[in-house]
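Single-structure report; data block below.
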């Protein structure tokens, strides 16, 4: 029964994402996510480049690549690192909270627009055996433990479904595995309907590492 409920949640969430994608194709001013990439580049150079790379291709495996990521998704994550109306930030990171605190809403849109326009560098999975296991889970899930296929929300090629589901293709394995662990423990809890938390609690440590390894070599 729980497996059926999870599948229903994922189906509904995916449908919402597709519906949102339709609205995302309306004129930028209508959805208030359009930013000035040129101004965003200035912010990226001054604030973000040391950890995420000047072009969004991070050289640090623990930090995510941002190049080509959906602007709407980046905007949400940056805002989630901010304390809003006196309430604690939805995502807990002393470093990121300090970085985004001075950024205005316009700054957030601008830097997100800049990174969304950058070209991600192709990644490579270093552990072939682990990546093969990861591909099975990514594309087919694990029926025995009711883990759904990652591709159902993040797309077969890892491009994601904007604005809800992020691009995963080429993401650092270390970062991806760390996020899955954070979802499992709810150290990160800004996922809609706790879908990622539920999925992560059903994954073994090896499965998390395997999926992350496969993702690192996945190309759009």
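From the backbone N, Cα and C atoms, a Cβ is placed for every residue, glycine too.
So that you can see what the record holds, here are the features copied from TrEMBL:
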type    : residues           : note
BINDING : 48, 51, 52, 96     : heme c 1 binding site
BINDING : 150, 153, 154, 196 : heme c 2 binding site
DOMAIN  : 35-119             : domain 'Cytochrome c'
DOMAIN  : 129-219            : domain 'Cytochrome c'
SIGNAL  : 1-24               : signal peptide
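Structure coloured by features recorded in TrEMBL.
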| residue | record | DSSP class |
| --- | --- | --- |
| 48 | heme c 1 binding site | helix |
| 96 | heme c 1 binding site | helix |
| 150 | heme c 2 binding site | coil |
| 196 | heme c 2 binding site | helix |
Find the one among the binding-site residues 48, 51, 52, 96 whose C-alpha lies closest to that of residue 150 (heme c 2 binding site).
52
Residues other than 48, 51, 52, 96 within 8 Å, Cβ to Cβ centroid, of the heme c 1 site?
47, 49, 50, 58, 63, 66, 99
Rounded to an integer, what is the Cα-Cα distance in Å between residue 51 (heme c 1 binding site) and residue 154 (heme c 2 binding site)?
24
Fewest Cβ neighbours within 10 Å, where candidates are the binding-site residues 96, 196:
96
For residue 154 (heme c 2 binding site), what is the tally of other C-beta atoms lying within 10 angstroms of its C-beta?
21
With DSSP helix as H/G/I and strand as E/B, how many residues of the domain 'Cytochrome c' (129-219) fall in helix, strand and coil?
55 helix, 5 strand, 31 coil
Could you tell me the C-alpha distance between residue 196 (heme c 2 binding site) and residue 96 (heme c 1 binding site) in angstrom, no decimals?
21
For the heme c 1 site as recorded (48, 51, 52, 96), determine the largest distance between any two Cα atoms, in Å, rounded to the nearest integer.
12
